[in-house]
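According to Swiss-Prot:
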type: TRANSMEM; residues: 5-25; note: transmembrane segment
type: TRANSMEM; residues: 35-55; note: transmembrane segment
type: TRANSMEM; residues: 59-79; note: transmembrane segment
type: BINDING; residues: G71, T74; note: Na(+) binding site
type: TRANSMEM; residues: 95-115; note: transmembrane segment
Amino acid sequence: MKIYSAVFIGGALGACLRYGLNLWIHTGQFPAATWLENAAGSLLLGILTGFFMIGAKRPLLSAFLGTGFCGGFTTMSTFSKETVMLLQGQPSLALLYVAASLISGIIFALIGVFVGRRIAGIQQRKGLQEK
């Protein structure tokens, strides 16, 4: 039951932050807020993945931050809706949006995994030195 609560609370916090960013970031025709949310979420999820690959396994924290927060913060449905809206009048901008979203998401996830693994490795070395 704790895992479900962690996912629920993390998801609520992530969704609230996403909503706040959408209110704060108003751009022209390019949906910058959704792009930023998905790129930042990919980076954070990459960091968590890399960290938990090497570091201590923390299922509650992983559920809260990964499934919950990142799941609530990022949004595939809004990305899809915005792409369809752009396709109606600006197909070239829609193509740019899709390409930028996919490429940056993958790149940020890779960077995140690298950073997370480095953090976990540093923590492991500190733990060994203290013993």
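Glycine residues also receive a Cβ, built from the backbone N, Cα and C atoms like all the rest.
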State the residues, same chain only, that lie 6 or more residues beyond the ends of the transmembrane segment (95-115) and have a CB under 8 A from a CB inside it; answer 'none' if no residue qualifies. 30-31, 35, 38-40, 42-50, 53, 79, 82-83, 86
Is it possible to get the count of other C-beta atoms within 10 angstroms of the C-beta of G71 (Na(+) binding site)? 18
